[in-house]
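Encoded as structure tokens, the structure appears first; notes follow it.
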Amino acid sequence: MVRKAAVTTVSNGSYLQGQANGRLPSMDSGQPAQEGKVVLKKKVTLLRGISIIIGTIIGAGIFISPKGILKNTGSVGMSLTVWTACGILSLFGALCYAELGTCIKKSGGHYTYILEAFGPLPAFVRVWVELLVIRPAATAVISLAFGRYILEPFFMQCEIPELAIKLITAVGITLVMVLNSTSVSWSARIQIFLTFCKLVAILIIIVPGVIQLIKGETQHFKNAFAGNDASIRGLPLAFYSGMYAYSGWFYLNFVTEEVENPEKYVP
């Protein structure tokens, strides 16, 4: 019996498949995938990458965190100080990840960088902490906020039933899971559309606020630091709320191998 030579084909998913030899090509070499290699298809363009970052940062956090920051700082001036400090810290983190994304062109984000720097054991522990604690908690917060916001217009005169929020939350999580498992392209398109919707929602909040400032409605900025003194217990909670609102700047590095020209587009 004569075996036919393996022919590289494109699967329905996100991989280019050929002979399965158990090895992944080096993404640092910059060389095109050879026949018989398995690599992720580069479908994340610059626009899609920007949409991933903006769409992830602008989420439940920006609509939930301001209340927590103002409550735990006790004054308008201190809350703006916390917002600025969290923004600067997030900027430094994003710059570091841009550098890492161009030096280590592998998908995986935190796991990949810990694996390269400290070895397999810390990377393994980090993945399991992410899987068992961090990701479920973050998904629960975002999804519950999504469910509450979706139902809010239908329950203007009464309290939203908790069961309805949980059902809508479960449906939302399921749809996102199915969409991401089906197609990278469709996930990217939906991400762009949702990013546009989020930007519109943010502008609806920002533009009227700027108009009010132009009209002279600045009474809350007079004696901005007057009010309740910020407690030592409250400031860490305020910083946590601020960092939660800014979080998301690292998500593009989870799909570095799918980014077209990562040396240029990731930064």
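For all residues, glycine too, the Cβ spot is worked out from N, Cα and C.
Feature list (source: TrEMBL):
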TRANSMEM  46-64  transmembrane segment
TRANSMEM  76-98  transmembrane segment
TRANSMEM  134-151  transmembrane segment
TRANSMEM  163-186  transmembrane segment
TRANSMEM  192-214  transmembrane segment
TRANSMEM  235-252  transmembrane segment
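Only pairs six or more apart in sequence are counted, and the transmembrane segment (76-98) with the transmembrane segment (235-252) gives three or more Cβ pairs under 8 Å, enough to call it a contact. Per-stretch counts of Cβ pairs under 8 Å to the transmembrane segment (235-252) identify 46-64 as the leading one among 46-64, 134-151, 163-186, 192-214.
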